[in-house]
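First up is the structure itself, then whatever we jot down about it.
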Amino acid sequence: MLAKNAPALSPTPSSNLAVSSSSTRFRPISAMAGASDGILYRVAAVCGVGSAIILLINAAKRSGLIATSNLTQILAPLAEILALGLIVGLFLSVGRRTGLFGLIAFVLNFAALASLEGVEVVINLVFSKLPMATIVELQAGPLGLVLVASSLLFLFGTCAFVISLVIAKDVPRIPLALYFLSAMPIALRAFVPELALDLGLAGLAAALICLSTWLWTRASTFAQPAYEV
């Protein structure tokens with residue numbers, strides 16, 4: 001009888017206060033994390049646009065639309081550095097959803113872009129100051145093998161990263177296709193005509209602008225806090 005008539009236990013005011021205070025603690029923390037993620041994605045998008053602008057300058061320089069100068073030679077290698085920022089943003093927002101394959105593809109593409117940065121430094125800041133006979137001699141040695149290996153790594157890394165983003169089913173397909181197709185003549189620059197390389201640079205710039213715009217517009221969506229009470 002005592003058990004049957006005993007009043008039901010209800011949460012005490014102190015326990016309600018503890019839960020409420022815990023909830024209010026989580027909200028600002030998750031909101032701050034979401035805001036910082038949004039800034040990161042937008043910075044990555046800006047890096048992508050910056051890389052695209054430098055690629056267009058490179059294409060214009062190679063086709064003779066603008067004169068080659070010390071400034072254009074110094075700017076050329078920065079395209080890969082800025083592209084690394086966009087690649088990181090795309091991976092953190094979408095690519096990591098594909099698990100281990102996405103991680104491997106990201107690391108491969110990151111390493112490829114980093115090695116291609118070295119190639120651009122050699123081509124624009126070293127070869128441009130050397131006579132053609134010296135360049136041919138250097139390319140016939142170990143340096144030539146390194147340049148070819150970096151180009152092939154860029155091709156395979158780009159392919160793997162694009163596939164991982166396609167599997168994620170969120171990134172628009174047309175810019176991804178343009179990104180991959182434009183990377184091919186750049187990776188195979190030693191075997192394609194100059195016009196194909198210029199078109200590849202312009203196409204890659206267009207793809208980077210599209211992907212950067214997409215990432216910028218979706219930054220707030222990707223930055224939604226994972227935990228909220």
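Positions of Cβ are set from backbone N, Cα and C atoms, glycine also.
Per TrEMBL, the listed range annotated as region 'Disordered' is 1-20 (candidates: 1-20, 61-80, 81-100).
If you look at the transmembrane segment (39-59) against the transmembrane segment (143-168), you find fewer than three C-beta pairs under 8 angstroms, all six or more positions apart, and that falls short of contact. Two recorded stretches are said to be in contact when at least 3 C-beta pairs lie under 8 angstroms, sequence spacing 6 or more; the transmembrane segment (143-168) and the transmembrane segment (71-94) meet this definition. Sequence-distant contacts of the transmembrane segment (199-217) (same chain, six or more residues past either end, CB-CB distance under 8 Å): 41-42, 44-49, 51-53, 55-56, 58-59, 62, 83, 86, 89-90, 93, 171-172, 174-176, 178-179, 181-186, 192.
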